[in-house]
Amino acid sequence: MTIQIPRGTQDILPDASPKWQWMVEKARQLCKLYRYDEIKTPMFESTDLFQRGVGETTDIVQKEMYTFKDRGDRSLTLRPEGTAPVVRSYVENKMHGWANQPVKLYYIGEMFRYERPQAGRTRQLTQFGVEAIGTEDPTLDAEVIALAMSYYKSFGLTKLKLVINSLGDIESRKAHREALIRHFEPSIHEFCTDCQNRLQKNPLRILDCKVDRDHPLMATAPSILEYLNEASAKYFTDVKQTLDQMGVTYEVDPTLVRGLDYYNHTTFEIMGADFGAITTLCGGGRYGGLVHELGGPETSGIGFALSFERLLLALNAEGVEPEIANPLHCYIVTIGEAAEGKAAELLFKLRQAGITADKDYMHRKTKGQFKQADRFGAKTVAVLGDEELEKAVINVKNMASGEQQAVAFSDLPSYIKSIVDQQEG
RNA sequence: GCGAUUAUGGCGAAGUGGUUAACGCACCGGAUUGUGGUUCCGGCAUACAUGGGUUCGAUCCCCAUUAAUCGCCCCA
């Protein structure tokens, strides 16, 4: 048996990489506009970081972490998400003391979760995320949401839906949680076993349940929005107003719950075209206690994470293609062994002049080399054989018009350039 | 962790309990000497996931394993 790629991972082959480069480039450009700076953190961290940062009760920590011991008997974990590491770095590097506040960061990198692979779900995934840490300001929440939406829209995606919600502050959350338990507890035996487990663990999740969605108690369940205290309600209103002013359209969904423990106040999710079971492209929100939990000051941050794997599904679902291409300007056809050295030299000079150029390395016959050039979509083919060598010229064929012209070796780069310019113009 | 489906040459895809396992695409070569599409001709390939079992004999039947795809859970 030959060795296979590990389960849930994938190779990104050359025909797919333009799209990946495209996704990365657009993320970087957008972050420049919004003035977020890149941060890179390690792919693995102390296991404690995720246990404390993400939350002991979350699925990520309970069953999805790639945890291992190194030779020094330290427990390490391949990062399953980006926020906890960034906040760790924020605290460790005392970014709360930096002159520019809030600290606005973005990251692009691989995350690892031990899950059953499925459409839009892999064990290694690539996330782009931003974190704005150091203040609690509704316009910042709106900015982060707007950034995420702008990112998707910059690809020309149209089937997007932004859903927002507020979990309120700790006090509001707690009041709501108790109300939910009071609401469901008497009849919890009528619900699925998952929901019975959720009752104490995370009663908010019951509202998400697909099995029991038609149960009468669902419709009458207390909404978080009714339990927001004054400050939380105002904060949420301000976020919504800012989005309105920016012209970002959204839907409020009081049942929107995010999986990680650290969220409070604003949460949001962006969904895309329906491909398979998964429609969530991006998730984010504000995290209140996290910085302090990890040893920093009492401050708050907001961010989102999205995966390129799912964005790719959305791009494919809507048939979006990148404009990036790499046209071949010149293909050199050699006839006879004597031409090989000169061809290599000319290739080198063409490339030095910024012209994309290639040749045959498979000892194909002339016709085969032309076929190859055609397959590459070469703008020009330059033929070099004994006749040309004798006269110190090379015959350049314009592949669009079929015209052929003898050109002195030293004039080749400028001649190719003129034909390419002419074809493009 | 649970469930469903699938597993044939580089790719796609037929097929059978028993001699050389179709075909298409791709690739290479040729159709009078060094020129791309199309057409025609020819060539090419360690192909029946792995390990057991049933059978005189299995790629085809049964079991297990592995992997892929999809779904549940949960999430990006």
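Every residue, even glycine, has its Cβ placed from backbone N, Cα and C.
Going by TrEMBL, these are the annotated features:
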| type | residues | note |
| --- | --- | --- |
| DOMAIN | A:27-327 | domain 'Aminoacyl-transfer RNA synthetases class-II family profile' |
| BINDING | A:Glu81, A:Gly82, A:Thr83, A:Arg113, A:Gln127, A:Glu131, A:Arg258, A:Tyr262, A:Tyr263 | L-histidine binding site |
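Features as recorded by TrEMBL, highlighted on the structure.
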residue	record	Cβ contacts under 8 Å, 6 or more apart
A:Glu81	L-histidine binding site	A:Phe50, A:Val54, A:Ile60, A:Met111, A:Gln127, A:Leu260, A:Ala305
A:Thr83	L-histidine binding site	A:Gly53, A:Gly129, A:Glu131, A:Leu260, A:Tyr262, A:Tyr287, A:Leu290, A:Gly303, A:Ala305
A:Arg258	L-histidine binding site	A:Thr267, A:Glu269, A:Gly283, A:Gly284, A:Gly285
A:Tyr263	L-histidine binding site	A:Leu167, A:Gly285, A:Arg286, A:Tyr287
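Following the DSSP three-state reduction, the secondary structure of A:Thr83 (L-histidine binding site) is helix. Cβ neighbour count for A:Gln127 (L-histidine binding site): 21 (other Cβ atoms within 10 Å of its Cβ, all protein chains included). DSSP gives A:Gln127 (L-histidine binding site) a strand state.
Between the two most distant C-alpha atoms of the annotated L-histidine binders (A:Glu81, A:Gly82, A:Thr83, A:Arg113, A:Gln127, A:Glu131, A:Arg258, A:Tyr262, A:Tyr263) there are 21 Å. If you average pLDDT over the domain 'Aminoacyl-transfer RNA synthetases class-II family profile' (A:27-327) in this model, you get 90.
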